[in-house]
Every structure is written in C-alpha cells, then in structure tokens.
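**Q** Questions regarding the structure given below will be posed in turn.
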Amino acid sequence: PSPGHGANQGAETGHAPLTTRRGPGEGTSFSGFAPALHQFCLMAVPGKVAAFRLPPLPTVGEIIKLFRLKAQKQLSQNFLLDLRLTDKIVRQAGELKNAHVCEVGPGPGGITRSILSAGVEQLLLIEKDARFIPGLQMLSEAAPGKVRIVHGDILTYKMEKAFPKHLKKNWEDEPPDIHIIGNLPFSVSTPLIIKWLENVSKKDGPFIYGRTQMTLTFQKEVAERLTANPGGKQRSRLSIMSQHLCTVENCFVIPGQAFVPKPEVDVAVVHFTPLVQPKIQQPFELVEKVVRSVFQFRRKYCFRGIETLFPESGRLKRTEQLMMTANVDPTLRPFQLSMSQFRNLCNTYRKMCDEDPGLFVYNYREELRQKKMMRNLQKSTSQRNQIEEEDQL
C-alpha cells in the first residue's frame, strides 16, 4: 500500500454506507455491506470487556478486484496481501490496544485490518490516491467510530492536530500512546523520514505529543543505511541523522515476492523511538549540513568533505582548525567516523559559525556555480575579442 499523486491535501471523507457492486459476470456482489456489520464488531463475553474483532469482509485481493485497483509503477506502489505479514509488521509497533494510530498510505487496507484487529482506540488513515478511498470506507463501516480517513498527502498534512490533546506527554516521559505505521512507497520514504527526523529534533509535527514511535517499511538497502554502524559499508548521512535522534531497529526483512507486483528489491521493517536527549545537541540544519558535507566525498578522506564547509579563501587553514579542535583524524573515511566524532565536528563548527555569522550560510555548490559562470563569461568575452580582432585584420 502506498500513496499516489495528485490528491487534494486534507480532504476528509464521510463514512456513508457503500453500495458498490461488481458488473455483470464479475462474481459476488458486496452491496450494502456496511450497515449489517455492527453486530459483528463486539463479541460480548459476560463479565469481561469485549475484544474488538473485524466482521467477515472481502479479502484484500477481492477489494483490489472489486474496485479495479492496479499498483502504479511510476508511484512505486506495491500491495502486501499476506495478512500474516501485515500482522507481523503491526506487532513490531508494540502494544496497540486502546492506542491512537496514524497509518500512512494504507492502499487497499491490508495493514489497516491488522491495526484494527490489534484493538486500537482510533485509527487515522492518510491516503493520497483517491482510488483506494472506497475500499477504506468499507473498513471504516466495519469498525464504526474507530476510523477517520483523510484524502491527502502525508508530506503536507498537518500532524500537529491529528490526535487528541489529552494524549500529550512530556518529552522525558515514556512515549505517548500514539503510533505511526506505514508501508511507504520507495519514492517518498527517504524525504519523509528526513522530514520526520527534523520534526523529532524540533519536537513538532507528530512529536508535539511526545516521543511518538514509528514503524515503517523501507527498501532493504535504505533500512541498512538507517541502522548501519561505524565502519559498515552502508554507513551514510541517513545513519547519522536517524541514530543521533532515535533508537533505530531493523526488525525483519520481507522478500520482494510477498508483494504484488513484485518489486526488484526486498523490503525491511524499521522501528524508531525518539531519544530523550539527542546524541548531537545542535540545530537540525547545522547537523545535516556538517553530515552532508562529510559524506559528499564518501570514498575520500573525511577532510575533503569538511573542506566544503568553508569558502575557498582560507579554506585549508579553517579545515585544519576544525579537524584539530574536534580531534578527528583527517585521513579517516566518512563511514569510519563515530557518532562522538560527528558530535565534536558539529560542536566545533557551531563555535566557528558563532564567531563568523556569515559562515553558516556559505554554500559550496553555489560557489562552484558562480566560478563556472565567471569562467564561461571570460571565455565568451575572449572569443568575442578574438572575433573582433580578426574582423579588424
């Protein structure tokens, strides 16, 4: 399941009873499914609190056929139909009984069913692809009062108001009873986790409620980057940005053949719990700039990337000053640096920026672009002068 493109952000759908039918010759009709479902939802047991159980519903495969849903390759959509696997994903989130959950990109609703079966109090579904909304409405009618569907884009949806205020906890307390779960399309997974990590750093967005936990799927290689240790071949910018803000756990791998259509890669489930204290206590933008610069030349010595933090004038001297003050060996490769070494680099760079307020806004790539423009301008001027001289001759 994964969000599509082109949907209007923030439009909540109603929960009207469905009357969708298959066309002639297409088999079983699911007309008017919802109104008769309420009696199944709570199985009463004398003297005990009734456990929530979804009533009999069409399978996820039948939903896909019923609403003629096709995974769109350009949106990197892949459906997970095996409910044993969706149950396993949901179990990684922890205890969900009476919890509030936001599912990102539910698609045809496989993981949605597993979340509802876990006994959640409320489930918010954010789906960008309008084709999936009717099938999700069917699930909403099967769990009256539990599901809210938002037809919108998770990258722009305002999570600050997604959950009741009474769920808020102090950052130092245990995580709130709020969870984010999602089988993300590959095209959105990296920008989305970077956005959420920035939210963690600033304690806003879905983290305005406290240390909200996330259970998300990623391409296996991306998951390995998120959890890579120093010296590992997958150690990258993502490793530092995620691990300095969260406890990150690579839970298990789902083989590609479990999805429809089958992606070319395997998928991994990753669980995030924000840390009470970040390992690098500097603004998100500063940490990201330093880490991105270091990994810019991944296979070269780390000082080569550090150089790009400084203007050409005085670059060598300031790079040497940063490396010495931070006590980092300039001949280490970027992936060999430990979290404490990145912390020293960020802290030292912050002091240098405080001493030179213009330093932080310096952009290495912009300087390269300006130099290239100047070279092109000089070249064209030289050519024009040469042509004029030839004309005079």
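Here the Cβ of each residue, glycine as well, is placed from N, Cα and C on the backbone.
Annotations in TrEMBL come from automatic prediction, not curation.
Look at TrEMBL and you will find 1-29 tagged as region 'Disordered'. Sequence annotations record features per position, and here TrEMBL assigns S-adenosyl-L-methionine binding site to ASN78, LEU80, GLY105, GLU127, ASP153, ASN183. Here TrEMBL flags 85-276 as domain 'Ribosomal RNA adenine methylase transferase N-terminal'.
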**Q** Test of understanding: give the count of other CB atoms lying within 10 angstroms of the CB of ASP153 (S-adenosyl-L-methionine binding site).
**A** 20
**Q** Looking only at the domain 'Ribosomal RNA adenine methylase transferase N-terminal' (85-276), report the model's average pLDDT.
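**A** Per the prediction, mean pLDDT sits at 95 for the domain 'Ribosomal RNA adenine methylase transferase N-terminal' (85-276).
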**Q** By the count of other Cβ atoms within 10 Å, pick out the sparsest of the binding-site residues ASN78, ASN183.
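**A** Result for the binding-site residues ASN78, ASN183: minimum number of other Cβ atoms within 10 Å at ASN78.
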**Q** For the S-adenosyl-L-methionine site made of ASN78, LEU80, GLY105, GLU127, ASP153, ASN183, how many Å separate the two farthest Cα atoms?
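**A** It comes out at 21 Å between the most distant Cα atoms.
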**Q** For the binding-site residues LEU80, GLU127, work out the Cβ neighbour count at 10 Å and name the residue with the minimum.
**A** LEU80
**Q** Take the Cβ of GLY105 (S-adenosyl-L-methionine binding site) and count every other Cβ within 10 Å, whichever protein chain it belongs to.
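**A** I count 26 other Cβ atoms within 10 Å of it.
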